[in-house]
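The next block holds one structure in the form of structure tokens; read it before the comments.
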Amino acid sequence: MPSTFGDAPNEFSGRDSLDEDDAVAATEADPEESLGLLLESSFISDAGLNMFGEIGRRTNHKLDVFLGIHRTITNYLCVCRVRRLVMTAIEDPFTAEQLRGPRLNKLVVRPLVERLYDAHDLSLGEFVEHHFWVAATTTTAATTATTTTTATITTTQGRTSNSSPSLVYCLLTNRIQFQRSQTSRNVQQSVTLARATLCEILAIKVLRRFHEDNSGLPGLLLLANVLVAGYDPFQGAPPEIHREARLAQWPVQDRGGHERKLTALELAVLSESKSFLASRACVKVVTSIHEGRVTFTPLSFMDILPDHYKHHPVALYDPSKAPVLNHYRLKVPRSRNIIELYQFVLMTVLYFLAMAHRNSPWMEVFEPLFCIYTLGWIIEFVAAIIEHGWEVHSQALWSFLDVAFSFIFLCYSVTRLTDIFMELPSAYSYGLDIICLAAPILLTRLAFTIMPDNIVFISMHAMLKDFFRLNFLVMWCFAGFSMSLIWLLKESGNSDEATDNPSYLTTVKWLIWIWFGLDATGIEKSTEYHSIFGPLLTISFAFLGNILFLTILVAILTNRFSNIMADADAEIQFRRTVLTFQGVKSDSVFMYPVPFNLLALVCLLPLKFFVSPRLFHSINVFFIRVINAPTLALIYLYERQHFNPRPRARSQMWSLFGFEFSRFSPHADLDAVFDLDLPQSLLQELEKMDPLEQVSLLEGEPMLQTVPSPMSVQTREQAGRNMQVRARTWQPSASTATSL
């Protein structure tokens, strides 16, 4: 491939390693490498750095260039420093409103931000923009391919680094620790909760400083590294601490130096830092990740089908330089959500077809299709859980529905195989009776998937946790009352015509009716258990279960719903962030559509133990591209048309006689006002009327300087001229002259 750099030494192509030896580099120029995520990207037209993309990658268990930047950051020292400062600053149980108020903002929050964040620090954005450039040339022959990469890295000497991209990660790490400690230390619960809230506020302020000090696409790349680059909390720790901390941990999969690393975005989801995730800088990065403008290799705890041969750092994506069959675009959350919705809809259709033909010969066709497809879907579900853990996966709205459906399908599979082994007809099959229970779960889950941003579904997900928790306590008490009544039976407990004593099932049934307020038969028949203790137990259960329980339940659910509605925007953004974070998959099993992931596990997983990592990666990528070729082609066409739309002539397909059908609305002018860019003359006139530098806002405080309106400016100017005229024409009167 001819060189794309010419005489500009500060342009680079984003798919070449900077730390591999010549032998490895000679073997890396393969067809798959030439179809990488980002061949070259010209994002900046001004002088200076005009090539942005992925800067280096890891091959043969070597670290990419970005890790060279992160090595200079002592995360362990930063974590300990933040904890020490926060514990010293907060010793009283302040609320979140008090910490966000102007008084504590001035006395506590802002001094800590100024101490932790250094605006003159050599940030990652400045490092990329001014001190890092790569010149790469690639030559391809008919039989051989060689890649030569040179890198020049310059650093600023004599400067102490006080802030770094890992600062937000360290703040959120302390927030999680304070949250966990406040559940175990009842004496200091309020204080530790206030410290956790302060860590979130500091993270918001620091991320805002990063956003304000680094603008444009270099700033977006910096913010993306702050949020989604992997950091190790023990990086920079003394050897004895590092050795002692790692001793009790479980072994993890080899990722070539990226093991045991987490991102700040994952910590924000784990700690439920909803205000942080709703901040403008965080929303900007999450939106870019969701749309695929920011790409990175996600970090996971464990993969079912791991392929860690290549690790791509955080980069910006340009679809105009991308290949047609770009398999990395299957990891884009927007595309991933659409694919998962399609797969779930198809599984639901197969389920209803199988149930509709359960007594017909078509059952032999639809039932195996449904079982195979559902088994592949459950493999994806299990892989999603083990990728980041249940604590993160449970933040999805439909996580509990997926667990319920998987349990029902497991019971159905066992009983259905038993029915087939015993040669029972479909009419007497217990397995088909069990799978009928999945209908309400599938339809509810489909509604959750189609409308994930609906505040009603978000509230339902949050309230169900409280509902099941409280019901578990009630069932615990219910078991005690039922056992007391059963033991009070005069006879053995089995109902017979002679004694007419209630049976065990009858006792449980009466208590359930009392619990839900349906019938008072249990109270009337309570004397059959015992003349004194029987009525006492049943009436006590009625008071506790039907009156007190319902009152507490309604109060808790109402309070939960009101809290969610009070900050609905943050709740919605939190769910969007969860979907975006979970949409970037690390496991290769997600890149195979259901049910081809079953074939991938059967064929490729054993093959991994007999071939080299490079050969396994090539085989894996080949099958992914072949199976997903239509999907990848559609993604390529869509992104070329809609990713970075340029001003172009109005399409004649959607216009007729100069009219656009999309504008056929009585309120079309409201949108048309903001569609076109303002001319430069109008921008200059607006700047003269309202200079933006005169508008000054403090963080959380009222406006210091107000922007004067044109009429008030003219009024003051006219008053000044009138005073000057009166001064020039003023003549002292006789009384004034006498006094003088």
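Placement of Cβ uses the backbone N, Cα and C atoms for every residue, glycine included.
What TrEMBL records for 1-22 is region 'Disordered'. Annotated domain 'YVC1 N-terminal linker helical' per TrEMBL: 144-296, in sequence order. The transmembrane segment annotation in TrEMBL covers 341-357, 369-390, 396-415, 427-448, 468-489, 501-518, 538-557, 589-609, 615-638. The feature domain 'Calcium channel YVC1-like C-terminal transmembrane' is assigned by TrEMBL to 351-641.
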At a threshold of under 8 Å on Cβ distances, which of 369-390, 396-415, 427-448, 538-557, 615-638 pairs most often with the transmembrane segment (468-489)?
538-557
I'm a bit unsure how to read this: which one of 341-357, 396-415, 427-448, 538-557 has the highest number of Cβ pairs shorter than 8 Å with the transmembrane segment (369-390)?
341-357
Integer average pLDDT (0 to 100) for the domain 'YVC1 N-terminal linker helical' (144-296):
78
